[in-house]
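Here's what TrEMBL has on this protein:
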BINDING   LYS376  ATP binding site
COMPBIAS  112-137  compositional bias 'Polar residues'
DOMAIN    164-224  domain 'SH3'
DOMAIN    232-325  domain 'SH2'
DOMAIN    348-600  domain 'Protein kinase'
REGION    112-165  region 'Disordered'
Amino acid sequence: MKRKEKGRVELERVHTVEAAQNIFTKEEVGIEGDFYPFLVGYHQEEDYTLFLLALKDLDRIYWILAIRKVCAYNRNIRSYFHPAPWNGRKWSCCKKTTKLIDGCQECDSWIPSQTSSPSRDSISESLSNKENFNSSQSSPIMPGGGTPGTPSGKQKDDQSSTTPRSKVVVALYNYKAIETGDLSLEKNMEYEVIDDSQKHWWKVRDSKGMIGFIPSNYVKEKELLGLQQYDWYVNDMSRQRSESLLKHEDKEGCFVVRNSSTKGLYTLSLYTKIPHPHVKHYHIKKNGKGEFFLSEKHCCNSIPELINYHKHNSGGLASRLKTSPCDRPAPATAGLSHDKWEIDHSELMLLDELGSGQFGVVRRGKWRGTTDVAVKMMKEGTMSEDDFIEEAKVMTKLQHPNLVQLYGVCSKNRPIFIVTEYMRHGSLLNYLRRHEQSLSTNQGLLLDMCIQICKGMAYLERHNYIHRDLAARNCLVGTENIVKVADFGLARYVLDDQYTSSGGSKFPIKWAPPEVLNYTRFSSKSDVWAYGVLMWEVFTCGKMPYGRMKNSEVVERVQKGIILEKPKACFKEVYDVMKKCWAPLPENRPSFRILKDTLINVSQGILVD
Ligand code: AMP
């Protein structure tokens, strides 16, 4: 890999562009007049921050917007930053003494508000009306494609703010409109966006002039479509998941292109049966002229051209590229329709029983005969229903590829039903136990599961949403080894004292940190502790933490700072991450955002991409 070069920052590595705190003296910077600092943060093996000075405020804003514009679609954009430098001992801004601690200030928006570069006039106008300038910024881009709402995840409900310019989107999946007011989508067709003021459901117009709501995660802006228009591009799919997918297809020459774990690079994963069925992974490299190649003899101007070339010539690959996996599952929508969270009982067909838990039986179902759902039939008296129903409206709006989507509730009849996305392989705990033999030898897959859960949790953390009962039993596994976090926030509505009080027999003691055991103090950092235990469950393929030890003994151990032992099949580097989650004081535990970056780095270090 290319080392850091002096005097050059690769744009795709930039993750932060912000105005900096002016703590510099004129002597330090050697400038007589006024100056306006700003910073560019980038990651190249480790984090670096470049502090720059503009001589006018207007110039500073121009620089920030211009750099953000060229980096707007980088995949590593951060949500928090430190506005002043690390002085060798502490951060000059927040005075924290841990270098790797989260940034102390929330980043500004990165979504360019217009397609062209910001003009000086528009900036001057913004400057003269600072309030307008701030409000014209959209919310920060989130890795899950979402934008952060208010702390509770509530939406801005301003119907009047329509899209200022005509935005054209392309459908990534088919979508069948069922509810009146919704519009069907046809894969690869274009739609004009009429109103994108709500996060998850946009009003669009199709080529025949029909208008209706569509799920915003089913489309992509035409200008930003990039590789997503190709069936062979699978985005952030990990090496392990691409292998399971291609092996499942079992077709010679079947391939996908995915983002490499090294940011900004891509990997081709190709299935071949010769000499035995296996998947080969090739980095797509770039030469000095910016051309892409798999073997240096065959360079192309773009990745699609390169793929096309290797569809006709194996050119050194194990096989010619032939097909890509078809019918990849479409993501869940935030609710079953625009602004819908109350679901009509009569529209649900209940099928086989999937299992039963704290609240009662869970059954597979079909909504309006088409959409697969899971239906949790709440045992009466197990939860404070009215409070939960209120909360459900908010929870349907939480949307991330690694969170089980809440579609809505049937609250008009009793028992109430909680209707969620259906996950075909059921609970992660049972999945780990059922597949122990194959999983225990595939640490890459286990680590990938942990990273997926961490991504879902980082999303909850960003929305100030605390899970309170994170454990392998509360995660679910879907097709293509997708793992998602379920039941977030539900613990607050449980009425059973045995579950809610730390002395109760059903309280998840073995997943609880000292501050929860002592003062029932839940936070995202108590979720981090539980996440460490969950990682341990994953790497032991579903063993019970602390074995048969009684709860009282576990509490004693945790209070004394005795932690779970390293699972046998677990790299030291992975166990080191678990240990970070079990720091006795919550403030010394990393956030999920930092954990996610750390785990991705660990996986890069110990596994081949
Ligand atoms: P719970 O009440 O959430 O503990 O669920 C009990 C069991 O039902 C779980 O262990 C799963 O096996 C199954 N289950 C719950 N939710 C789903 C879902 N969304 N999709 C598939 N199976 C589920």
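Keep in mind that glycine also has a Cβ here, set from the backbone N, Cα and C atoms.
Note that the structure is a prediction, hence the values are computed from the model and not measured.
Here LYS376 (ATP binding site) comes close to GLY357, PHE359, GLY360, VAL361, VAL362, PHE417, ILE418, VAL419, THR420: these same-chain residues lie at least six apart in sequence, with C-beta atoms under 8 angstroms from its C-beta. With DSSP states grouped into helix (H, G, I), strand (E, B) and coil, the domain 'SH2' (232-325) comes out at 21 helix, 26 strand, 47 coil. Across all of the domain 'SH2' (232-325), the predicted model scores a mean pLDDT of 92. Mapped onto DSSP classes, the domain 'SH3' (164-224) shows 6 helix, 27 strand, 28 coil. Following the DSSP three-state reduction, the secondary structure of LYS376 (ATP binding site) is strand.
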